Amino acid sequence: MVQPEKHYKVFFLAVVTLLVAICVAEVPLCHPRHKATVVKMDEASLTVNNELGAEMVVSWLSDHCYQCVYQPLGVVPAGPGPGIPSSVDFTVGTQHGITLQLNSSLVSLELCTVHFHFWEHGNYSLWVKNLNDSSVVNCSVVTDTETELGFPGRTVETATDTILPATPSRRLRSLDTFRGLSLVIMVFVNYGGGRYWFFRHESWNGLTVADLVFPWFVFIMGTSISLSVSSALRCGLSRFSLFTKAVWRSVQLFLIGLLIINPNYCQGPLSWDSLRIPGVLQRLAFSYLVVASLDLCTEFTPIPFHLVLMFYPTHCLLVGIFLLYWPAWLCVIVLETVWLCLTFLLPVPDCPSGYLGPGGIGDMGQYPNCTGGAAGYVDRWLLGENHIYQTPSSRVIYKSHMPFDPEGVLGSINSVLMAFLGLQAGKILLHYKDQHSSIMARFLIWSLGIISATLTKCSLNEGFIPINKNLWSLSYVTTLACFGLLLLVLIYYTVDVRRWWSGAPFYYPGMNSILVYVGHEVLEEYFPFRWRMANNQSHAEHLTQNLLATSCWVLISFLLYRKNIFWKI
């Protein structure tokens, strides 16, 4: 009989199994919101509306087809009456830009041509009509679906014998790819990473691969906040309604982390006496709420960015962002001041002021009970020793025995900074939309790492504030933000600018990040994500198991993406 305390995992396992079974069976659960045409990967839906009084033929030509002839796409009949269009749905490719040619079927006269690069799974309309009741034919491509950047669907118009190329407003695949890459590495690391040391968290100061991904996830969450808030405000939603949604979303994330992920129901029923309160989703919830609230309070109808730069040298790449959002920057600076004061000035019993060490046998064994200094003390005082992480990574090398939580209270302040830096990356994307060189130049300037070099003195342990994942130290945040910006530049250039890479396979888990993260935590002990190994001490067996388990979640996210199934909170 299933124990009551196991209901959460059994329910989640049943849901995931059902979704995968449905996807494999190809049972259609979702239909396009705007059109009856079912599009597949690398396809978009195009509706051609003919307001002319004559039948016309639609042909197409790919940009990557050198010296090719136009290929027929279909025939659109004449409209039933003046001002009443006839409409026909077509499916078009999205891998490359294409040129659409419209000819009159009666005399084979070219009416107009339109060049456009359609986006995967997008919905578009092509309107063909006479311009102001004249003989001039006007053709307009309109994006019907709302875009992530919050700009209305872009219209591309062209008259007879005129080609007007344009890029449609679209969702930035690089952001979902970045998020998915971080998530896949996180899942692999949480499943064990083959038990290799560099896939485990650093004992104290320093970085391993495992220490990179969670801050990147927080960073890209901040970028998404910027884009989604801007989009919602442009669509006319009120700030209060957006704030209530942000609160509700944060509450849901916190409760999922607290009641579903943190307890280990395999070891017995939920125990409130030893329930861990901090956690990954709890930190995400707090960071999301604070940064979204800051953005809602300071995202005024923006002053045109070029007007700001009129009063400052155009070569100054950072002043404009500070000027436009100075209230939010001021709030973050206040939060960081609070973190610095608590970390270096708060009296901690039997510990020196400003202690940032691991305790245990570290520092010649002088402070065995001072693990994390003020950060550990605040957590034990506010939450209690039984409600924080009991086996920190410092116990391995430094033999520390004090409970310490890497997702504790003080570190959450710096996670807000990390999300806020991601928010500023989103502002750059908004203000310099489609100006790829300007976007990448500003990302590279922000990623120079001067603050990190100053705080750490370019050393592992001798700096003012060493890089430390357990503490989420200030230098850790600035360093990982620099790395994140460099990685984002690379992905943005290859995915959205040059389109050398579609983002696969990381794009798919990036589109369903909450489901993948919660699922991999809840079902970690179940087959096919874990099984009994013949040799538990073999790196090869652990690596095989962890890679297959991670690949399963990539496959699940791909199947759900194909069926347009996404778990949104």
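Any Cβ shown, glycine's included, is placed from N, Cα and C.
Annotation comment: TrEMBL describes 171-334 as domain 'Heparan-alpha-glucosaminide N-acetyltransferase catalytic'. Look at TrEMBL and you will find 12-31, 180-198, 213-234, 246-265, 285-312, 324-346, 409-430, 439-456, 476-494, 506-523, 543-561 tagged as transmembrane segment.
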Exercise for review: Six or more residues out from either end of the transmembrane segment (543-561), which same-chain residues have a Cβ under 8 Å from its Cβ atoms?
Suggested key: 16, 19-20, 23-24, 180, 184, 187-188, 191-196, 505-506, 508-509, 511-512, 515-516, 519-520, 528-531, 533
Exercise for review: Within the domain 'Heparan-alpha-glucosaminide N-acetyltransferase catalytic' (171-334) only, compute the mean pLDDT.
Suggested key: 85
Check your understanding: So, does the transmembrane segment (324-346) come close enough to the transmembrane segment (476-494) to give 3+ Cβ pairs below 8 Å, pairs being at least 6 apart in sequence?
Key -> no
Exercise for review: Sort out the residues at least 6 away from either end of the transmembrane segment (324-346), same chain, that have Cβ-Cβ distances under 8 Å to it, and list them.
Suggested key: 294-295, 297-298, 302-303, 305, 308, 353-354, 356, 373-375, 377-378, 410, 413-414, 416-417, 420, 423-424, 427, 474
Practice item. Any chance you could find the range in 180-198, 213-234, 246-265, 506-523 with the most Cβ pairs under 8 Å to the transmembrane segment (409-430)? Key: 213-234
Point to revise | Outside the transmembrane segment (180-198), six or more residues from its ends: residues with CB under 8 Å to it | key: 208-210, 212-214, 216-217, 220, 487, 491, 503, 505-511, 513, 516-517, 520-521, 524, 529-530, 539-540, 542-543, 545-547, 549-550, 553-554, 557
